[in-house]
Amino acid sequence: MTAQNIDGKAIAQAIRTKLKDKVTARKEAGQRVPGLAVILVGADPASQVYVGSKRRACEELGFISRSYDLDSSTSEDALLSLIDECNEDQSIDGILVQLPLPEHIEESKVIERIRPDKDVDGFHPYNVGRLAQRIPVLRSCTPMGIMTLIQSTGVDTYGLDAVVVGASNIVGRPMSLELLLAGCTTTTCHRFTRNLEQKVRQADLVVVAVGKPGFIPGEWIKPGAIVIDVGINRLESGQLVGDVQFEKAAENASFITPVPGGVGPMTIASLLENTLYACEQYHDHD
């Protein structure tokens, strides 16, 4: 068996085209366009690349994009004050603070300062809680994008044994909740998990998000499984690779996401979907 690649780039582009059409229709109807505030603290090169991609995507779709590039020495209070301003700005539907933040700033305090109806990253405890209670509104972008990729395969997720490798607040934990909502029997694995190989070998669906190149050997993948590789790691050679050993995994799996061009584009597409959703559902009556 040779796996079929799940083309995240093409699926994300289709979503962006639909969103652009909706924004155009809003303009023609005399409605305002969605607005996204993107806040970057410091000059982390990877963060600068991600933020640049998000800003360009906003402009391409006709969203308002507000950029705030703050020095790494910016105080926590100053950042919280800026978030307060964006919370009150009626032209802003979504607020994104690029993570990670400098060590002197407490991430949880920053995330909780963003109004839940403007939390387009889906990290606020309110929005994570809504997902846990099976009534999601603004969902975490990467898991949301992954669910779209899984749906694109046409495979019925109800009753599948799913394994999520990685338990971060950004991907692993909300991913497990999404899969539970989709009817999977879900196991979350982390650094203390025993017999990881045994768990992965039994999985019909594997999502890996640990940030370690080739962490999951391709031989572990069950024949016919769906493999979602969230990792994006740059080797010394400059090559980008995922957390799963792709070539061997692709021999066993039925569907697999490539790196790059799999999960990455979907994260930004989901962010844009969330921003339009916040505009339409929460703020059109403001």
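One is the number of the first residue shown, and numbering goes on along the chain from there.
Cβ coordinates come from backbone N, Cα and C, glycine included.
Secondary structure at I232 (NADP(+) binding site), as computed by DSSP, is coil. Under the heading NADP(+) binding site, Swiss-Prot lists G166, A167, S168, I232, citing sequence analysis as support.
Listed in sequence order, the residues of the same chain lying 6 or more apart from A167 (NADP(+) binding site) and placing their CB within less than 8 Å of its CB are R173, T188, C189, H190. Here the binding residues for NADP(+) are G166, A167, S168, I232. Their largest Cα to Cα distance works out to 16 Å.
Counting other Cβ atoms within 10 Å of each Cβ, the binding-site residues G166, S168 show the lowest value at S168.
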